[in-house]
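**Q** To start, I am sharing the structure in question, which I have written as structure tokens.
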Amino acid sequence: CPNNTEAQHRTHISEFQLISLSEDADLQPLLFGLFLCMYLVTVLGNLLTILAVSSDFHLHTPMYFFLSNLSLADICVISTTVPKMVVDIQTHSRVISHVGCLTQMSIFALFACMYDMLLTVMAYDRYVAICHPLHYLVIMNPQLCGFLVLVSFLVSLFDSQMHNLIILQFTNFKSVEISIFFCDPSQLLNLACPDTFSNNILKYFLGAIHGLFPISGILFSYYKIIYSILRIPSSGGRYKAFSTCGSHLAVVCLFWGTGFGAYLGSTVSHSPRKIVVASVMYTEVTPMLNPFIYILRNRDIKSTLRRLHS
């Protein structure tokens, strides 16, 4: 952290510097087109999923209700990061204001945590569907589904505002240069001074909300699911039961795999490029692939989209 003179000079930081994806001027048009296309494909794919679920009465079930909310969170996560990045590439600017950085961080933390919570809720939904099939519609009634989404949003809002309050109390930073292309909460917390015990406790607490609790819920749900599936006598029955979890499990592995890569990379690796690549996978590639995972693996959504197209 800076000494007293430097700390006094940096008390009022007005802006941060985001890292550039590439310093090569010839690559800028390619990066601009690539990320703009990824953004449009992601928004279109997730909007198609929401449209299919909302337009077909047969898809008005708890699983698809949570899926449509997950698609909405996908759109919000990528809309928080990519438009700013695309504009920066076009204008050759890496500057973001202090207020703009905190706003971007808050919105990103809100919807990234919302994504975590919805994946956990969807794991619980699959647990009820497989372990208690006869009582599924009674347990997963519309009131409970709406309550679970509301709780997910409120927990995510709390997580987001806590990140904001922690960052706002810091008066100086180790550096004004952020190692990735957007204001990630973990990056700002790593730059902040001082690194006190109480602040570390808050970081671990928020990390538990954002990571430990959702992962624990997903792992426990799948432990019960696998235990129930193994008790099914026929191999065909086991396959049919587990196939209903295939899309959700693929999205969980993709999200947490890239997410851990991004955060472990920022902790272990000192190469900014590796951190940027992991962050791109986590914030851009994963939201783009999620709707295709559900559309390609789900016959109900595919048939609904075909009917809408015709």
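Glycine is treated like the rest: Cβ placed from N, Cα and C.
Okay, these came from TrEMBL:
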DOMAIN    45-294  domain 'G-protein coupled receptors family 1 profile'
TRANSMEM  30-51  transmembrane segment
TRANSMEM  63-82  transmembrane segment
TRANSMEM  102-124  transmembrane segment
TRANSMEM  136-158  transmembrane segment
TRANSMEM  204-223  transmembrane segment
TRANSMEM  244-263  transmembrane segment
TRANSMEM  275-296  transmembrane segment
**Q** So what's the average pLDDT for the domain 'G-protein coupled receptors family 1 profile' (45-294)?
**A** 82
**Q** State the residues, same chain only, that lie 6 or more residues beyond the ends of the transmembrane segment (30-51) and have a CB under 8 A from a CB inside it; answer 'none' if no residue qualifies.
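**A** Beyond its ends, the transmembrane segment (30-51) has Cβ neighbours at 21-22, 67-68, 71-72, 74-75, 78-79, 82-83, 85-86, 89-90, 284-285, 287-288, 290-292, 294-295, 301, 305, 308.
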**Q** Taking residues 6+ outside the transmembrane segment (275-296), which of them lie with a CB under 8 Å of any CB in it?
**A** 19, 21, 35, 38-39, 41-42, 45-46, 48-49, 67, 70-71, 74-75, 77-78, 81-82, 108, 179-182, 184, 247, 250-251, 254-255, 258-259, 261-262, 265-266, 269, 302, 305
